[in-house]
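I'd like to ask you about the structure that follows.
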Amino acid sequence: MLRTVSNAFTTRSHVGSTASSNSWSTIVPALARFGSIGVLRAAVELINDGEKPDASPLVHLLRVSGNYGYVSLCRQLHGYVTKHGFVSNTRLSNSLMRFYKTSDSLEDAHKVFDEMPDPDVISWNSLVSGYVQSGRFQEGICLFLELHRSDVFPNEFSFTAALAACARLHLSPLGACIHSKLVKLGLEKGNVVVGNCLIDMYGKCGFMDDAVLVFQHMEEKDTVSWNAIVASCSRNGKLELGLWFFHQMPNPDTVTYNELIDAFVKSGDFNNAFQVLSDMPNPNSSSWNTILTGYVNSEKSGEATEFFTKMHSSGVRFDEYSLSIVLAAVAALAVVPWGSLIHACAHKLGLDSRVVVASALIDMYSKCGMLKHAELMFWTMPRKNLIVWNEMISGYARNGDSIEAIKLFNQLKQERFLKPDRFTFLNLLAVCSHCEVPMEVMLGYFEMMINEYRIKPSVEHCCSLIRAMGQRGEVWQAKQVIQEFGFGYDGVAWRALLGACSARKDLKAAKTVAAKMIELGDADKDEYLYIVMSNLYAYHERWREVGQIRKIMRESGVLKEVGSSWIDSRTKCSSY
């Protein structure tokens, strides 16, 4: 049964022992104590020679096989467990679930769970925590509620996993109910882990008073407790309170300092962020990256490149995230020499093949109009995930190359382990819209997205369709799309249609759309609406209306955004 795996072990190990000189009585202690490949090989040979193990050896076999990443062997052991009726052994089934959970195969773990006649609290906790740790918070919560209704009594680990999911989903009512249950069961008092989870949950749900109350009532606090309360203050804009806790903290660590830096950056206070960074005993790359990210997110790309230079002069060792962040800044500025320099730096550090860096390089080169460089990055990558495929399709879309975008999309559909997602179709529909691909082709992709891939259209998907219809003079059909997909009250959809009317210089249709936007209340501070209508009236030489619109803009305080350009020198980027 396991002969091929056994042969694989033979090539990896030169252990002299053979199956004939071993028995399960000697193998099991060796597996439990050492868990080496040689011992594992001997165990596999025993099975192949007809020595059937009971549940205890199988538990150790699964653990050791999982530790070495022998997925195929673990799956074969699962088959052996099922075939020989060991499914009812709770401990063994829990070991199988643990393996599948650590192998990111939650569906398989859930199948094992469903086959168990009497799952215990460890079984439930393994699955609940698995869903939460993999970001599937709703499924984790549903399973926790199912546990609560079952005959199995949840323990502190059940509750902390559920609290983590509540925090991410902002389910404060459920979180408060769990808190009450913990108090009733006496699991809150004296339990640092439970207290930390409660602080995190209340902080992420925006209930700072409750977070502080939990913190103050904790009999014992560790570093995680202090970091949780500082992070909660920072997350909710309570910077002064966060600083107060920071100064009370016995031994702030890197996480504490990074939380403060992040809080100052998000509030736009870069000076204090720098101060915290300079006060840090041992800042790591994450500390610097937080400020770098802040600049990029604040659309201060020039400052981001300057700060990146400062990082280099300060001797900071760049990681893949440092490079991907600064590449986003370079892409926004379209400064090719900087991009080439960072690409060379990434190559020197051996990081250019990392997915996060490679996708950022593809994005940067495509935004700079250097599609050949982007293509070279894409095709030379040893492994490509969906993000990279989407980035390349987006690059073609951005540069108006509908033929290559569609060709790459068709290649993606042939990939065995990948399938297009909402972002793939967003890029595909965008390139179809801008390149005047026949409407029936575009509608075909739209229907494929809904029917074949079960993706619900977002307003962004519909906007591409709306623009294409509007640019072809099919304003009535575009309005139908807006209403049919439930975006009649979404200003973004009407904005897209207004842009299409503007491209066709269709003043009559534009006036109808503008009236709808005003009705929705999206016009008060929307410079786009006023500028489009002003330009359309000017095109049709309706100067009186142009004057009226500009007067309304002045009275409403709507200002046209001032444009700027960038010049890059050898050391920095300057704007004018």
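Even glycines carry a Cβ here, placed using N, Cα and C.
As annotated by Swiss-Prot, region 'Type E motif' applies to 493-570. If you look up Swiss-Prot, you'll see 20-53 marked as repeat 'PPR 1'. Sequence annotations record features per position, and here Swiss-Prot assigns repeat 'PPR 3' to 89-119. Under the heading repeat 'PPR 4', Swiss-Prot lists 120-154. Annotated repeat 'PPR 6' per Swiss-Prot: 191-225, in sequence order. As annotated by Swiss-Prot, repeat 'PPR 7' applies to 226-252. The annotation repeat 'PPR 8' is assigned in Swiss-Prot to 253-287. Annotation source Swiss-Prot lists repeat 'PPR 9' at 288-318. Here Swiss-Prot flags 319-353 as repeat 'PPR 10'. Summarising the annotation, Swiss-Prot assigns repeat 'PPR 11' to 354-384. Per Swiss-Prot, repeat 'PPR 12' is recorded for 385-419. According to Swiss-Prot, the repeat 'PPR 13' annotation covers 421-452. Summarising the annotation, Swiss-Prot assigns repeat 'PPR 14' to 458-488.
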I need to check the long-range neighbours of the repeat 'PPR 14' (458-488): which residues 6 or more away from its ends have a CB within less than 8 Å of a CB in the stretch?
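Answer is 422, 425-426, 429-430, 432-434, 436, 439, 442-443, 446, 449, 494, 496-497, 499-501, 503-504, 506, 509, 512-513.
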Same-chain Cβ contacts of the repeat 'PPR 7' (226-252) under 8 Å, 6 or more residues past its ends?
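Residues 196, 199-200, 202-204, 206, 208, 211-212, 215, 259-260, 262-264, 266-267.
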Can you tell me which parts of the same chain pack against the repeat 'PPR 12' (385-419), counting only residues 6+ beyond its ends and a CB-CB cutoff under 8 A?
355, 358-359, 362-363, 365-367, 369, 371, 374-375, 378, 427-428, 430-432, 434-435, 437, 453
On average, what pLDDT score does this prediction assign to the repeat 'PPR 4' (120-154)?
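PLDDT averaged over the stretch: 94.
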Residue counts in helix (H, G, I), strand (E, B) and coil for the repeat 'PPR 4' (120-154), per DSSP?
26 helix, 0 strand, 9 coil
